[in-house]
Structures are given as structure tokens and as C-alpha cells.
Amino acid sequence: MASVQEKLITCVCQDKPAKPTNKITIVGVGQVGMACAVSVLLKELADELALVDILEDKLKGEMMDLQHGSLFLKTPTIVADKDYSVTANSRIVVVTGGVRQQEGESRLNLVQRNVNIFKFIIPQIVKYSPDCIILVVSNPVDILTYVTWKLSGLPQHRIIGSGTNLDSARFRHLIAEKLGVHPTSCHGFILGEHGDSSVAVWSGVNVAGVSLQSLKPDIGTDEDCCKWKEVHKQVVDSAYEVIKLKGYTNWAIGFSVAEIVESITKNLGRVHPVSTMVKGMYGIETEVFLSLPCVLNGNGLTSVINQKLKDNEVGQLQKSAETLWSIQKDLKDL
């Protein structure tokens with residue numbers, strides 16, 4: 001007896017279903033992972049979304065919750081499993097998994113614990129999606145992007161850290177707020193480490209091509225009576241403030257990740273401040289990943305913009321590299 005489906009539908013092609021062309025995987029379904037997932041779905045970037053985590057009940061619950069909203073989305077397939085086979089044929093894998101810093105724990109110890117987790121995650125990703133681009137979001141993101149590069153064996157252009165893409169967005173928002181314009185009309189970069197040693201590139205900040213430094217030569221320095229330097233401090237402190245208020249950050253990093261994913265999936269060639277290997281640039285001679293303005297397209301991170309930095313900015317960038325290397329050089333089992 002024919003089923004309802006067989007009575008309803010006449011099949012004209014017996015071929016297997018086509019493989020997804022823009023499958024996105026999110027590793028980790030915590031607050032950040034789910035913000036990334038929702039942002040990717042709302043921007044309609046994936047024809048399949050896969051979620052992976054070790055917490056089976058939460059994983060299944062998040063998958064079902066998203067599937068129940070399928071009517072309002074344009075991603076036809078949403079799947080989840082703790083087994084990484086569910087990630088097969090991913091175009092981009094976003095890694096948000098890892099452990100948080102415990103009270104009194106050293107940064108090196110935190111990184112080493114995350115290295116041990118990545119030693120399981122990364123080979124599984126590469127096994128099932130050998131041609132994928134990996135976007136690392138877990139913190140400390142620059143060091144874990146280096147760890148991912150080492151563990152994956154993939155070329156540098158396919159290993160990207162979310163880096164200071166969000167820091168730069170915060171920077172532009174705060175400057176725009178002071179000037180009374182929209183953040184998209186205010187241009188500027190935070191480079192270097194995603195963290196306390198990040199570098200505010202005041203020499204490049206502009207609105208409609210008008211350099212703020214040309215209007216106020218001491219902008220962003222200790223001599224600046226208007227205290228624009230506080231804007232960078234606010235950028236550095238903002239995550240801590242949000243965490244203090246709500247317990248975690250998730251929405252802004254989710255939006256930031258979706259913007260990066262969009263540049264890749266749509267082959268846009270947009271410039272993002274993301275974490276990449278910087279050895280040989282700006283006098284840095286160690287294998288560290290730092291954020292520089294990078295061109296992202298369908299092949300991944302294809303080039304770096306050679307920004308004309310001032311001497312003090314280059315010095316800060318080098319110091320940022322030294323900060324990361326001081327942690328990185330003592331990592332084991334890579």
C-alpha cells in the first residue's frame with residue numbers, strides 16, 4: 001500500500017540528494033556557539049547547519065529548538081550529534097568549544113587545558129572535512145588559532161582566528177557614539193592581540209576619509225586633553241564589563257562571526273581584522289598569530305593589507321607578539 005508521501009509526490013529523479021555547498025558547523029553549543037549559530041541562520045549563509053558538543057541533552061535541545069523555527073528560516077537542514085561524522089563536508093567550521101579560566105588559574109594553564117581539548121576536536125574536524133576553512137573563536141583566540149594550525153596540518157590561509165574583528169567593531173561604535181555618526185561611517189582598526197595588549201591604530205581612524213589625527217595630532221595619546229585614549233581602554237574593558245553584568249558575552253561575537261563567515265561564503269573579498277600568522281611582518285620573527293587587516297574570500301584568508309603604521313604602533317604590535325609568544329613557547333604536546 002502506497003504511503004501518503006508516495007501518493008502526494010511523483011519522483012522524477014532517483015539520484016541521491018545533492019551534497020550541501022555551504023555547510024557550516026559550529027563546535028560548542030554554549031552561549032557563544034548558539035549566538036554564532038543563530039546569526040548564521042538569520043543571515044541565510046548556510047544550506048546545512050551542524051552542531052557538535054559533548055553535552056548530548058543540551059545539544060539535542062538546541063537542535064530541536066532551531067528545527068522548530070525552520071518555517072522562519074532558509075536553512076533546510078539543521079543537524080546535531082556528539083559524533084563528528086555529522087560535520088562531514090563542511091565548508092566552514094566555527095570552533096567555540098573550550099574551558100573557561102578558573103579563579104587563580106594562570107593563563108598558561110588555561111591554554112594548556114584548551115590545547116588538550118583541541119587535540120581531540122581539530123583532528124576530527126579535518127578527518128571529516130579535509131577541505132574546510134576553520135574559524136577559531138575560543139579564547140585566548142590568537143594562541144588557540146596557532147594551536148589549530150599546528151594540529152590541523154592545514155595551510156595558513158584556511159586557519160583564521162576571529163581576532164580583533166569584534167574589538168574593532170566596539171572601537172568604531174564608541175568613536176561613532178562620540179561623534180554622532182553611524183559606526184559604518186567611522187573607520188578604524190584594533191590590531192594585535194584580542195586582549196589587553198591590543199593596538200588601537202589611531203593613525204588610520206577616519207570619517208568620510210577625514211583623518212581624526214589630522215584634526216587632532218595628539219589623539220589617543222597621554223597628552224590628549226580630550227582623553228580619546230579612554231576609548232581604547234573601554235574597548236579592552238568592555239568584555240569584562242558585560243561579563244560582570246550578564247555573566248558572559250555572546251551576541252556581539254555571534255554577529256562578528258557571521259560577518260566573517262559571510263565574507264567567505266559569498267566570496268566578498270572584504271577586509272577584516274582577523275588573526276593570522278604574522279611571522280616576517282612588522283619585524284616579528286616568532287610564529288605567532290595576531291590580527292591584521294586581512295582579505296577574506298571564498299578561498300579563506302588570501303592576503304594581508306600592509307597598513308602604514310606609525311613607529312609607536314609597530315612597537316605596540318611587536319609587544320603584543322612578545323606577550324603571546326611568552327605563553328606559546330611553553331605549550332606542550334603540539
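Cβ atoms here come from the backbone N, Cα and C positions, even for glycine.
Database features (Swiss-Prot):
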ACT_SITE  H194  active site, proton acceptor
BINDING   30-58, R100, N139  NAD(+) binding site
BINDING   R107, N139, R170, T249  substrate binding site
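Relative to the residue listed as 'active site, proton acceptor', the binding-site residues V38, A46, I54 all have Cα atoms farther than 10 Å away. The shortest Cα-Cα distance between L42 (NAD(+) binding site) and any of the binding-site residues N139, R170, T249 is the one to T249. Classification of V38 (NAD(+) binding site) by DSSP places it within a helix. Put simply, of the binding-site residues N139, R170, T249, the one whose Cα is nearest the Cα of K58 (NAD(+) binding site) is T249. When the binding-site residues N139, T249 are compared by the number of other C-beta atoms lying within 10 angstroms of their own C-beta, T249 comes out lowest. Here the candidates are the binding-site residues N139, R170, T249. The one whose C-alpha lies nearest to that of G30 (NAD(+) binding site) is T249. Ranking the binding-site residues M34, L42, I54 by C-beta neighbours within 10 Å puts M34 at the top.
For the recorded positions K58, R170, H194, the ranking by surrounding Cβ atoms (within 10 Å, all protein chains) places H194 first. Secondary structure at G30 (NAD(+) binding site), taken from DSSP and collapsed to helix, strand or coil, is coil. For G30 (NAD(+) binding site), the count of additional Cβ atoms within 10 Å of its Cβ stands at 17 [all protein chains shown]. Put simply, A46 (NAD(+) binding site) is 26 Å from R170 (substrate binding site) when counted between their Cα atoms. Ranking the binding-site residues M34, V38, A46, A50 by Cα distance from T249 (substrate binding site) puts M34 first.
Between the C-alpha atoms of I54 (NAD(+) binding site) and N139 (substrate binding site), the distance comes to 19 Å.
Here the binding-site residues are V38, A46, A50, and the one whose Cβ sees the fewest other Cβ atoms within 10 Å is V38. N139 (substrate binding site) sits 25 Å from A46 (NAD(+) binding site), taking the Cα positions as reference.
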